[in-house]
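TrEMBL has this to say about the protein:
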type	residues	note
DOMAIN	26-484	domain 'Major facilitator superfamily (MFS) profile'
TRANSMEM	19-39	transmembrane segment
TRANSMEM	82-100	transmembrane segment
TRANSMEM	112-128	transmembrane segment
TRANSMEM	173-194	transmembrane segment
TRANSMEM	200-223	transmembrane segment
TRANSMEM	287-311	transmembrane segment
TRANSMEM	323-345	transmembrane segment
TRANSMEM	357-377	transmembrane segment
TRANSMEM	389-408	transmembrane segment
Amino acid sequence: MAGGGFAVQDGGRSYEGGVTIFVIFTCMVAATGGLLFGYDIGISGGVTSMESFLSKFFPSVYHKMKNESVDQNQYCKFDSQLLTLFTSSLYIAALVASFFASSVTRRFGRKISMLVAGLVFFIGSILNGVANNIIILIISRLLLGVGVGFANQSVPVYLAEMAPTKIRGALNMGFQMAITIGILVAGLVNFGTAKIKGGYGWRISLALAAVPSFIMTVGAIFLPDTPNSMIERGHLNTEKARKLLQKIRGTENVNEEFQDLVDATEAANKVENQWTNIVQPRYRPQLVMCVLIPFFQQLTGINVIMFYAPVLFKTLGFGDEASLMSAVITGCVNVIGTLLSMVIVDKFGRRALFLEGGLQMILCQIGVGVMVALQFGLSGEGAFAKAEANWVLFFICGYVAAFAWSWGPLGWLPHHALPLEVWSLPVLCWLGDHYDHIHLLLPTRDKNVPIEEINRVWKAHWFWGKYIPDEAVIGHDKHNKALV
């Protein structure tokens, strides 16, 4: 029907097995990849608002910030190409690294990619903390970016493949949950280190990023790879992958799920080139959504809030301590919203949360925009009174909450939308108004539909169904009947 919303209610099946301690432990360790990413997002914005850090590396910004002139343009207080290079270098490195990370993850396994991510990020964190000049500072940021690129590629895949079908949606959002916790912890650390006398608090803030990366590095050494990856890399003639799957699921009877993984891998191995394969018409629905969802996730503007929160609040007239505390408040809202999403996602569905969250973000952005326009205008001159500042904080918290239970955790949807033969490609889309395309084009996937049968979801869609060939669904149906 027009409108595009539907749910596959009876097409999927649940495999045997449940949530084991082994799965929970491995996913918690793997999710530290999100923790290190979130910590860096939160810590960088706080550090760039600290006077001791700015005076050492960005003196021009420091002098403009110390200028208390009433007619100063608040919009341009932190305008510096060098400061922009510091903040953006990480993401440039992450983009480049993601192209290599995709191949590494597929060829050598998710475990190796996580190990590389943790190790490189650890080295970058140490260099960040001891940096004495801008060159070392930028080099360390580039290393952090490489770590982020590998972590963002491998960790979501690892979480999705380890999780049982019935809780895959909630458990896969553990990556976003870890990001939000990292942002909150960073805000608390910045609030504390800013009070340290002697001007070295920023070093502690930056160096502490080594903690989650160390956990991830050590964890990756001992964690097993996923059965999907083992089968994909040629373990079809051994029982190693099957035994691991039995351990993960907590049951001996994994024949059905294991066979589906083998069948999907055999089909994937027939594909000579993923890049030419993904542009075929049969994958057009997934490709379009895998590009649009992460693209619009970035256009929501959340990075401005999360990354520059202390700087943003300081620009709007908040004091030093108030700006850092406001960042902590938004961080708390972010964590609570993500927890809520994990609880309700399988009840209301991804599509409903996308729509509600998008609408709420639009309204909150309008609220902030109107208040800033009325107070600062085009000149950028002015300041908020206490009551006005509280309203700005209220709107920003409403915006963050909406993102946290919708576009934040659900922006990692691509791995749930793709068939296994192109499973390791979505990260290339992640690094790149969202309301209408979700309403019309995004199918609602029932929580009982495993990844191996995702083509059935797209085949049932009012628009995308014409692109999915019958054999993409019939093949699984024949296999299912053979198992009955």
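Quick reminder: no glycine exception, Cβ is built from N, Cα and C everywhere.
Long-range Cβ contacts of the transmembrane segment (200-223) within its own chain (Cβ-Cβ under 8 Å, at least 6 residues beyond either end) map to 26, 29-30, 32-33, 35-36, 39-40, 43, 46-47, 50, 52-53, 111-112, 114-115, 117-119, 121-122, 124-126, 128-131, 144, 147, 151, 182, 186, 189-190, 192-194. Between the transmembrane segment (323-345) and the transmembrane segment (19-39) there are fewer than 3 Cβ pairs closer than 8 Å, counting only residues 6 or more apart in sequence, so the two stretches are not in contact. Here the domain 'Major facilitator superfamily (MFS) profile' (26-484) returns a mean pLDDT of 78 for the predicted model.
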